[in-house]
Amino acid sequence: MKQLTVFDRAFLEERLNLSALWQWFFEKRSQGVKLSAASIAGFFSGQHPEQVDFASIYQLMDAASEGFVVRAAGMPDMHQGYALPIGGVVATQDVVVPAWVGYDIGCGMCAAPTSFSVEEILANRQLIFRSIYRRIPVGTKGHNKPIVDPERELGKLPDNKTRSIYKSRHGDRQCGTLGGGNHFIEIGVADSDQRVWIVLHSGSRGPGHGVAGHFMKLASSSSKAKQGHYGLSIDSAEGQSYLASLDWMTRFALLDRRLMLESVEQALQDIDLAGEVCMDELVNRNHNHAEPDANGYYIHRKGATHAEDGMAGVIPGDMSRGSYLVRGLGNAQALNSSSHGAGRKLGRRQAKQQLDIEQFRTTMQQANVQACVTPGTLDEAPGAYKDIHDIIALQIEYGLIEQVDRIRPLINIKEQG
């Protein structure tokens with residue numbers, strides 16, 4: 001274990017709240033104490049320091065000490081990951097770091113309203129639940145045969161290595177599938193007008209994971225790439241190859257979610273429900289990516305939503321609390337970003353050890369959500385997450401986003417574990 005930094009000790013010994021902690025941090029920098037090479041902004045609640053993951057703050061500071069880092073920011077859902085915390089945002093100059101994007105390249109959210117009747121959804125929830133599982137493979141499963149040709153939709157894969165990984169991971173059959181863990185499909189209803197919405201969380205599936213692992217190893221020249229902050233020069237052949245593969249896989253993730261929306265529509269029509277998805281109102285946003293900004297810096301978002309001024313976004317909570325539709329406010333300190341969710345307060349192992357399956361079942365029944373409540377999904381129970389309402393309110397207070405609507409869940413689809 002690494003020694004505590006002076007930053008950690010100041011909090012632990014002086015019991016500062018979070019607002020005071022960040023003020024102390026910048027005061028130390030102004031006095032010439034070299035804590036980090038970059039300016040760091042943290043958007044956390046000083047009222048609830050017990051919800052702050054201090055290991056993630058250390059990780060963000062560690063990443064920001066790299067010489068090529070220009071700025072960094074921690075979103076209010078930030079928690080410990082590998083190399084860069086989940087909820088961390090970092091701006092770099094002339095360097096891209098594969099581990100700061102992570103393994104699930106292009107993981108993100110999409111949401112679209114529909115013309116289906118909320119009354120019919122409520123009356124047929126069990127049928128809908130089963131129909132979606134029949135239509136959409138979950139976990140590591142793929143379709144028996146491709147439902148589209150991704151290369152026809154997205155263009156050819158950028159190089160032979162990426163193509164080899166894509167083929168070995170059956171990318172064509174993985175496109176349009178859900179995955180596991182915190183990936184989900186929800187059917188819900190909007191607070192504002194009672195329209196039925198479909199909300200999805202998924203990424204680039206097996207191919208994205210394989211491509212990410214390849215470039216992490218390439219960046220570090222070892223199999224321990226996730227241990228450190230290994231970057232690729234954007235002017236190098238390797239850097240250009242990664243950026244091209246990253247772009248293709250982020251678009252693959254967008255396609256994956258769009259295809260699942262169409263499959264949910266078909267699943268509802270399979271049981272003779274009338275309606276369709278309003279694709280012209282689709283919001284489809286990645287939250288694991290690296291992209292250049294107007295200044296030419298590369299903005300790495302690892303579990304953070306792009307939130308330029310006026311940009312539509314979707315921020316999910318947990319299985320019982322639903323999701324928020326938001327609009328970005330272009331907060332420069334936050335590197336034009338917002339949270340990608342509520343953030344975990346219990347790791348997966350902790351959740352399975354500490355949470356109670358009967359309480360999980362009761363919570364979902366009280367929320368009136370049709371969902372898969374099993375020991376296999378206990379690590380995704382609402383008790384494993386922070387309260388999304390608090391996280392949204394905090395971001396509104398800090399000027400990161402504004403709320404557009406809330407989608408209350410009626411049906412939740414996950415890998416059944």
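Yeah, the Cβs are placed from backbone N, Cα and C, and that goes for glycine too.
Taking a C-beta cut-off of under 8 angstroms and a sequence separation of 6 or more, HIS340 (active site, GMP-histidine intermediate) has the following same-chain neighbours: MET75, ASP77, ILE86, GLY87, GLY108, MET109, HIS287, GLY303, ALA304, THR305, ILE315. Here TrEMBL flags HIS340 as active site, GMP-histidine intermediate.
For ASP104, HIS183, the entry in TrEMBL reads Mn(2+) 1 binding site. Residues near HIS183 (Mn(2+) 1 binding site) in space but far in sequence (CB under 8 A, at least 6 apart, same chain), listed by position: HIS201, SER202, GLY203, LYS414, GLU415. HIS183 (Mn(2+) 1 binding site) carries neither a helix nor a strand DSSP state and counts as coil.
Summarising the annotation, TrEMBL assigns GMP binding site to 182-186, 287-288, 316-319, SER323, 340-343, LYS414.
Under the heading Mn(2+) 2 binding site, TrEMBL lists HIS201, HIS287. All protein chains shown were included, and the count of other CB atoms within 10 Å of the CB of HIS201 (Mn(2+) 2 binding site) stands at 25.
The two recorded residues, ASN288 (GMP binding site) and ASP104 (Mn(2+) 1 binding site), have Cα atoms 7 Å apart. In this view, GLY343 (GMP binding site) is surrounded by 24 other Cβ atoms within 10 Å of its Cβ, with every protein chain counted.
Neighbour counts of Cβ atoms within 10 Å were compared across the binding-site residues ASP104, ASN182, ILE185, HIS287, ASN288; the minimum falls on ASN182. According to DSSP, HIS340 (active site, GMP-histidine intermediate) is assigned to coil rather than to any helix or strand.
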